[in-house]
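Chemist: I am attaching a structure below and will ask some questions about it afterwards.
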Amino acid sequence: MNAAITATAKYLPDGILSNLDLERMLDTNDEWIRTRTGISERRILRDPEKATSYICGEVARQLLEKRGMKAEELDLIIVATMTPDMLFPSTACLVQDIIGAGNAWAFDLNAACSGFLFALNTGSRFIESGAHKKVMVIGADKMSSVIDYTDRSTAILFGDGGGGVILEPATTEGCGVLDNRMYCDGTSGKDHLLMKGGGSLHPATHQTVDDHLHYIYQDGRMVFKSAVTSMANVAVEIMERNGLTAENVSWLVPHQANQRIISATAERMGISSDKFISNVARYGNTTAGTIPICLAELDEENKLHPGSNLVLCSFGAGYTWGGVYVKWQ
C-alpha cells in the first residue's frame, strides 16, 4: 500500500523584507543579492507573539478544509522544523491543540532544510504499514527568529513560511510516494552550518547572547559546494532507480535555497526550465517550508495531474539531503 498526497496547503506571512530594505540595513545591494542567490524578497512574520506553531496552524486548517476532513480524523501530525516555539513541548503538540486533533499523536522532526522530505518519508511509512490512515505532514520555520540581521551572509537568504500535505492510502494502483533516498554526513556537515547556542552544549547565558551564538552560522562557500553536488546526485539517483527520464519527469520540486543550486540540479537531470518550480525570488529560503510551499503552488495552479511524475530533492544542515519520487494520484 502506497501513501498518496491528498491535500496541499501553504502559508506565507504578509510582511515583506525586500533587497532594498536590506540595502538600508547592511553593506549589500539588490544586484549583489540577486546575482548570487536569485532572491528579491522574503516573507517575515513580524508579530513577536506569533511563532512557528502559528504558521503550522494556518497550514493545518487549510489542509483540513481542502480535504473536507475533521481534525478528529487525523491519526498523526508530524512537524518538520528547526525553529520550534520552544525546546519542549513539540510544535506538533501545539498544532494538535490549535486544530483540536484530539485523536492524533504528534512529534517534531528536525533535519533543517531536508526536514520536510524526512517527515514525508516517515509519514508515508505509517501509511504503508497499515498503522495509520490519515497523516498530516507540515514543514515550517520562522527563520527570522534565528537570523542575525547584521550578518549579510545569512540575512539575505532566509524567510518565514510553511506548507504541508495530508497523506492517505493511495486509491490508484502505482501512484503515491513510490521511492526515496535519504542521506546524512555529520562528519562534513557539523562545522559548516549550525547554531551553537540554546542546546545542552551551550545553554543560554548572557555570554552566549553577547557572542551571537543563537543565530545561524554558515560557511557559505562550503555549504554551496556540498549542496550543488548532493542535491543533483540524489535527484539523478531517484531518476535512475525508477527509470525516469528528462522527458517523463513532470516536475522537479527542489529545495529553494539558491537559484544557482536549483538550476544546477535541473541541468544535471537534463530538465528544462519549464519543468522545475522556483519561487526563491519571492520567498527566499523558508527551510523546511520550501518544498511543501512549492507543492501547494503547483496544486493551486492546476499543474499536478493524475500520473504526474515528481522528483523532490533537498539539502540541509547536518549535512542532510534526500530525494523522493511521487507519482501524483
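Note: Cβ is positioned from N, Cα and C throughout, glycine not excepted.
Quick caveat, the model's predicted, so the values are computed rather than measured.
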Chemist: Of the ranges 26-30, 256-260, 286-290, which one does Swiss-Prot list as region 'ACP-binding'?
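Modeler: Residues 256-260 are the ones Swiss-Prot records as region 'ACP-binding'.
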Chemist: Between Asn285 (active site) and Cys113 (active site), how far is it from one CA atom to the other, in Å?
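Modeler: Cα of Asn285 (active site) to Cα of Cys113 (active site) measures 9 Å after rounding.
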Chemist: If you draw a 10 Å sphere around the Cβ of Asn285 (active site), how many other Cβ atoms fall inside it, taking every protein chain shown into account?
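Modeler: I count 24 other Cβ atoms within 10 Å of it.
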Chemist: As a test of reading the model: what is the averaged pLDDT for the region 'ACP-binding' (256-260)?
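Modeler: Over the region 'ACP-binding' (256-260), the predicted model scores a mean pLDDT of 95.
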Chemist: Work out how many Å separate Cys113 (active site) and His255 (active site) at their Cα atoms, rounded off.
Modeler: 7
Chemist: Let's check the environment of Cys113 (active site): how many other CB atoms sit within 10 Å of its CB?
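Modeler: Neighbour count, Cβ to Cβ under the 10 Å cut-off: 30.
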Chemist: Around His255 (active site), how many other CB atoms lie within 10 A of its CB?
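Modeler: I count 30 other Cβ atoms within 10 Å of it.
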